[in-house]
Amino acid sequence: MSQFWNAWNKRKDRLRNQTLEQHANKSMDSVKDSPVTSVLEDNIVLIEQQFGKSDDLVVRRFQITTGKDAAVIFLDGMVDRNVISDFVIRSLTTENVTYLSPASNELETTNQLRQIVRNILSGNSVLFIDGSTEVYLINSRGWDRRSVMEPQTESVVRGPRDGFTETLSVNAALIRFRLKDPNLRVKHLIVGQRTQTDVFVMHIDGVAHPPIVEEVIRRIENLNLDAILETGYIEQMIQDHRYSPFPQIQNTERPDKIVANLLEGKVAILVDGTPFVLIAPAVLSQFYQSPEDYYERFYIASLIRFIRVISILIALLLPSLYIAFSSFHPEMIPSRLVIAMAAGRSTVPFPSLVEAMFMEIAIEILREASVRLPGPIGPTIGIVGALVVGEAAVSAGLVSPVMVIIVAVTTIGSFASPSYSAAIAIRMLRFPVMFMAGLFGLYGIMLFIIVMLVHLSSIKSFGVPYLSPISPLNLKGMRDLFLRFPHHLMKLRPSMFRVHDKIRMREDDQS
Amino acid sequence: MKRQDNGTPRYGFTTWQQTCLITSTLIGVGVLTLPRTSSSRLLEAGWMAPLVGSLGAYISIWMIAKLSRRFPGMTFVEYSPLVWASKESPKLGKLLSIPWIFVYLSFIYVATGMVSRIFGEVVVTSVLLNTPLEVIMITMFLLAFFLSLHDVDVVARVNEILFPLIIFPVLFIAIASFQKADWSYLFPLIRVSGKSIFEGAYEAVYSFSGFEIMLIFYAFTQHNSGKEKAGFVGILMTMVVYTLIVVAGITVFGYEELQRLTWPTLELVKTTQVPGLILERLESAFLAVWVAAVFTTVANAYYAVIYGLRQCFNKGMVFQRIASAFLFIPLFFIALIPQNIVEIFQISSYIGIGNLVLNLGVPTIYWIVLFLRGKAGIPKERKADG
């Protein structure tokens, strides 16, 4: 008997040591990949040790009809309790089961500890039966999830209204639902040593260039972050140039956009827990294109796209052009206007660079504050702030009236970009251009533009030059650059992503 | 900076990129003075100067392209030893080729300095009146330095993206100023003798220098064929732009008045009116956009020099970056040697002639040597390009 106790104590010590080790390095990798025993109580202790006796770990013991002891282990709140009580416990305790199979819709068996722990963590429940090393993993996930709603960031006038949610499986279904192609491939990866986040990498086999897909998967697999809370982590870690202000991977909340991009031979990266899905590789032109461009007729779509390009340029350059013109090249402004501007500026004691900085920083504060302000009063405060502060600043003689117009137009221009991540890059780059304009006038602006273009030319996203199809020039690809050609003229997929199935519209499909 | 682009293929220069590279390198500071220089001897027939002056450039680029096709994937620095000696005696080849490489690189180097000096002079005298010349030159050098931090395929893409920014403003000015053109200034069509046509064309030759950078850049093409075509089209486009600007200058001002203008093209810009009067005067805007043209000239040439040096010493990217930072210091002082604008124009005229001699002479000598050694055959292109 004492021998048994010694063995028991040793075992307990070993388990405690194991727990201590896990305190030092509590990531998933530290869970021993060992088989479980056939003794129920041992197994329960083993699992409880793994979770450090967390109080939300629920262990429900019961006796199945054959008389054996059993236990279901799950994490409270992550499972659908109805599944556990109705389909697992009730069916096992009341029905006369000969062959052990709980009446749940999904079932797997394993005897590996690591897999058991991972399943408990991801919301499955685990069924132990005394005397058996087979452990049943029951899909009983059921936590509250947000339903599919209209995306907040990329709204369109015409187009589907559904956006991605925080649940990976729902997001994948939203894509599958639109793209009923058996060639759509999904690669499941688990990233983040502590968060163990599920990541789906999707591409269409036969369209996407396999080396690009492999490169995306390789980079994600090589990530050794301990937490992936949003796609932003992955985006920043796997992009080619981490110090670049320009986003080299696009993110979107819109399933239709993802499908369109998958069809262009790109790769989608879905991360559990966030509605933002990544598209890689991305080129610069993608950031001013909206799915709506393809839904409306091509004249108006091209025109609107053109407007967006202009508004991005305005958002980047207008304040600095004002600085350059008013302090270096007043001769360029039409003479009547320059007189009016000089009259407006006559009370302003600052150089135009200071004046512009003043207003731009004020508008940035307003913008940031209006995001943080609670829902209904946000826009009101924004408008009141802009109007009142602007008006007061003019009448106080702090800024000239032209400056107020310029700041307003700049801000509105930066909102015209359909991609938030590109818009904030432009928003940030506006300030260095203003400094350059304050130093050298138009020459300074041009210096900045050249530096920016050199940088943009040097960027590649997963081997695709960022400025394609302009450079390297690809005339066929330019049909979808500033203008959106009619669909029947875009028979080929853009070749810059090195698609394999090049033809988008086969001749015989055309009616 | 950690880059993650391993495993991705290298993009070679496309034919269009080579064309852009040549055109944007050629169009530079020359365009500002061209109407004056080309009409100084040829008078009202000044528009012939770019046409005749480009002849040498065509022959030279043809020989350079053929040389590069003879040694595909190699720069001038790499194939020079192979021209002068057999593969078995690399030391001898290197020894014999060093003078040529040295002459070429130092020539491009000095010419780069001159271009940035002229550029500085223009900006300081016409737009940024209170800014010191040195500051303008240093900013231009910094831009070129920034480019030389990057790989060689970036150079091609930068030229490609800046190409419309270089061509269109000049074309716009030339065409817009035809509103005020007096076409009778062009007549009589041919008054000067054939001999003075060639003499007059000398003056335009400086504006056609700079394509010798292709001695380096032809090595990175996607295909071995199409190099001559790229060269011809590149020079042709430059020639058309130059001819248009000279015609515009002569028809607007007349050749006598042109001789009294330091920067005739800039004066042309001043006479141009924008429809709708959004901008009242254009010369600041033109000069700003024209920065791109000068940048491509300076930075491409400088990149070629640095790359040549890097290959001379068999070094990598780090050497290129460090060398490009340090080589600006002597360049800055070289560029400041000329005391005034007259001296600058004199020197640039010498550079033009020296360039013509060098660009025609060296490839000819190389080809003669290759023929004498019986190694002139151009290898057939493999279908699978690398």
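Glycine is treated like the rest: Cβ placed from N, Cα and C.
Keep in mind that TrEMBL annotations are predicted by a computer and have not been checked by a curator.
Under the heading transmembrane segment, TrEMBL lists B:12-34 (among others). A Cβ distance under 8 Å defines the sequence-distant neighbours of the transmembrane segment (B:12-34), meaning residues of its chain 6+ beyond its ends; these are 50, 57, 61, 115, 118-119, 122, 153, 155-157, 159-160, 162-163, 166-167, 170, 204, 206-211, 213-214, 217-218, 220-223, 226-227, 229-231, 233-235, 237-238, 241-242, 245-246, 249, 262-266, 290, 293-294, 296-298, 300-301, 345, 348, 385-386.
Marked as transmembrane segment by TrEMBL: B:46-65 (among others).
The annotation transmembrane segment is assigned in TrEMBL to B:95-115 (among others).
Taken from TrEMBL, the feature transmembrane segment covers B:127-149 (among others). Only residues 6 or more beyond the boundaries of the transmembrane segment (B:127-149), in the same chain, are considered here, and those with a CB under 8 A from a CB of the stretch are 112, 116-117, 119-121, 155, 158, 283-284, 287-288, 294-295, 298-299, 302-303, 306, 320-321, 324-325, 328, 331-332, 335-336.
Per TrEMBL, transmembrane segment is recorded for B:161-181 (among others).
If you look up TrEMBL, you'll see B:201-220 (among others) marked as transmembrane segment.
Long-range contacts of the transmembrane segment (B:232-255) within the same chain: residues 18-23, 26-27, 30-31, 34-36, 38-39, 43-44, 46-47, 49-51, 54, 57-58, 61-62, 167, 170-171, 173-175, 177-178, 180-183, 185-186, 204, 207-208, 211, 261, 264-265, 267-268, 271, each at least 6 residues beyond the stretch ends and with a Cβ under 8 Å from a Cβ of the stretch. Taken from TrEMBL, the feature transmembrane segment covers B:232-255 (among others).
Sequence-remote contacts of a segment are chain residues at least 6 beyond its ends whose Cβ falls under 8 Å from one of its Cβ atoms, and for the transmembrane segment (B:285-306) they are 21, 24-29, 31-32, 105, 108-109, 111-112, 115-116, 119, 122-123, 126-127, 140-141, 143-144, 147-148, 152, 155, 158-159, 162, 165-166, 169-170, 173, 210, 213, 215-217, 266, 269, 279, 320, 323-324, 327, 331. What TrEMBL lists as transmembrane segment is B:285-306 (among others).
Annotated transmembrane segment per TrEMBL: B:318-337 (among others), in sequence order. Nonlocal intrachain contacts for the transmembrane segment (B:318-337), taken as residues 6+ away from its ends with a CB within less than 8 angstroms of a stretch CB, comprise 109-110, 112-114, 116-117, 120, 134, 137-138, 141, 144-145, 148-149, 302, 305-307, 309-310.
TrEMBL lists B:349-372 (among others) with the feature transmembrane segment.
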Restricting to the same chain and to residues at least six past its boundaries, which positions have a Cβ under 8 Å from a Cβ of the transmembrane segment (B:201-220)?
12-13, 18, 21-22, 25-26, 28, 30-31, 34, 37-38, 40-42, 48-50, 52-57, 60-61, 64-65, 67-68, 73-78, 104, 107-108, 111, 152-153, 155-156, 227, 231, 234-235, 238, 242, 297, 300-301, 303-304, 307-308, 348-349, 351-353, 355-356, 358-359
Top Cβ-contact partner of the transmembrane segment (B:349-372) among B:46-65, B:95-115, B:161-181 (pairs under 8 Å)
B:46-65
Residues of the same chain, at least six outside the transmembrane segment (B:95-115), with any C-beta under 8 angstroms of its C-beta?
28-29, 76-77, 80-81, 83-85, 144, 209-210, 212-213, 215, 294, 297-298, 301-302, 304-305, 308-309, 312, 327, 331-332, 334-335, 338, 344, 347-348, 351, 354-355, 358, 362
